[in-house]
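Participant: My questions will all concern the structure given below.
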Amino acid sequence: MTTVPPTRDTAAIRIWLSIVAGLIALMVLVGGATRLTESGLSIVEWKPVTGTLPPLSEQAWSDAFEAYKTIPQYRQMNAGMTLHEFKTIFWWEWAHRLLGRVIGMVYLLPFLWFLWRGAVSGPLGRRLWLIFGLGALQGAVGWWMVASGLTERTEVAPVRLATHLSLALLIFASIVWTLRRLKPRDEAEVPGRLRLTAWALVGVTFVQLYLGALVAGLRAGLVYNTWPEIDGGLIPAAANLWAHAPWWINLFENHLTVQFMHRMTAYTLLALAAWHAFDVMRAGAGRDAVRGAHRLLAAILVQAVLGIATLLMVVPISLALLHQGTALIVLTFAVLQAERLSPRRVAAVAVPQAAVAAGQAG
């Protein structure tokens, strides 16, 4: 065993981080709904403190609506929208921003408490400070994303949307990793190739989630709604894949290219997960590793089916959100498997010396 027995602080930290991870997952889903309902530009100002409260009077609602009318999205897409219709999209964006504020407080206040108690130090302390820094950065990235749709565009820039989501998922994955590190386990002796494929699965999952965000940002799921064919074949014509100049712009703005990359990465992820599950069993890596590999493979299979159904049904909101939620499960299982197969060399949490002694005696 490479970690000391859990202490009261360890259990409290795990509960705290589990709540934060759950809130982040909820925020990702609310963010997805905000995008799918085209609500993300309904609040055109960034007021971190005073923006916590929604409009509380008819005049305040009228002012918020008039501010929305000044941006291109209203003029080009929603001209004639009623105040009642505006309120519908406003509440999605307001809820998304409110969740961000709540997550900030739920993370910061207990973190300060644990710091005051001396319960976090060393690798754990550094990791928690890093997560805090990423969370602060995420707020700035969120406004950077929204600002891209307030001048000439009628929606936020897809690359900025994908960056915003990817940073949220990085924070989520970091918390999942930390939670797993705080749970004692036996050190497993496994071949290095298993660790390599486990980490490759994490990397490919992140790439796939980024591409999925690009698909959503471009509304690329509303076109090429056939499977397994795309644009008339299994592989689109090169002239269509690279239709824009310079060539690299197709990787971010060509609907066909982005959707094709999303499909190909899904196939790659599924094949890699299947190979990893087989290799873990062949190597005799232990029951936990085998179960983890099988859970990950099953989640990816479900996610693939949901993705195909979402495409064929032309992106119904409920199915698209289920697809996004399952992506979080895939990421969770991938991170857990990578941690499960990674060595632990030091204790993950600061504990009293008495606990260390008790662990050694046991």
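Using N, Cα and C of the backbone, Cβ positions are placed for all residues, glycine too.
Because the structure is a prediction, the values reported are computed rather than measured.
From Swiss-Prot, for reference:
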- HIS262, HIS323: heme binding site (BINDING)
- 11-31: transmembrane segment (TRANSMEM)
- 102-122: transmembrane segment (TRANSMEM)
- 128-148: transmembrane segment (TRANSMEM)
- 159-179: transmembrane segment (TRANSMEM)
- 198-218: transmembrane segment (TRANSMEM)
- 264-286: transmembrane segment (TRANSMEM)
- 297-317: transmembrane segment (TRANSMEM)
- 318-338: transmembrane segment (TRANSMEM)
Participant: Please identify the stretch among 11-31, 102-122, 159-179, 198-218, 297-317 with the greatest number of Cβ pairs below 8 Å relative to the transmembrane segment (128-148).
Facilitator: 159-179
Participant: Counting across all protein chains present, how many other Cβ atoms fall within 10 Å of the Cβ of HIS262 (heme binding site)?
Facilitator: 22
Participant: Do at least three C-beta pairs under 8 angstroms join the transmembrane segment (159-179) to the transmembrane segment (198-218), pairs 6 or more apart in sequence?
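Facilitator: Output yes: the transmembrane segment (159-179) sits against the transmembrane segment (198-218).
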Participant: Output the single range from 11-31, 102-122, 198-218 maximising the number of Cβ pairs under 8 Å to the transmembrane segment (318-338).
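Facilitator: Highest pair count goes to 198-218.
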Participant: Are there residues at least 6 beyond the ends of the transmembrane segment (11-31) whose Cβ is under 8 Å from a Cβ of it, and what are they?
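Facilitator: Answer is 92, 95-96, 99-100, 102-103, 106-107, 110, 114, 119-120, 124, 164-165, 168-169, 171-172, 175-176, 178-179, 182-183, 321, 324-325, 328, 349.
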Participant: Residues sitting near the transmembrane segment (198-218): Cβ under 8 Å, six or more positions beyond its termini, same chain?
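Facilitator: Counting only partners 6 or more residues beyond its ends, the transmembrane segment (198-218) has Cβ contacts under 8 Å with 32, 35-36, 155-159, 161-162, 164-166, 169-170, 173, 252-253, 255, 258-259, 261-262, 265-266, 268-269, 272-273, 276, 296, 320, 324, 327, 330-331, 334-335, 337-338, 340-342.
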Participant: Under a criterion of Cβ-Cβ distance under 8 Å and sequence separation of at least 6, what residues of the same chain contact HIS323 (heme binding site)?
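Facilitator: GLN303, LEU306, GLY307, THR310 - these are the non-local Cβ neighbours of HIS323 (heme binding site), listed in sequence order.
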Participant: I need to check the long-range neighbours of the transmembrane segment (297-317): which residues 6 or more away from its ends have a CB within less than 8 Å of a CB in the stretch?
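Facilitator: Those are 33, 36-37, 221-222, 224-227, 266, 269-270, 273-274, 276-277, 323, 326-327, 329-330, 333, in sequence order.
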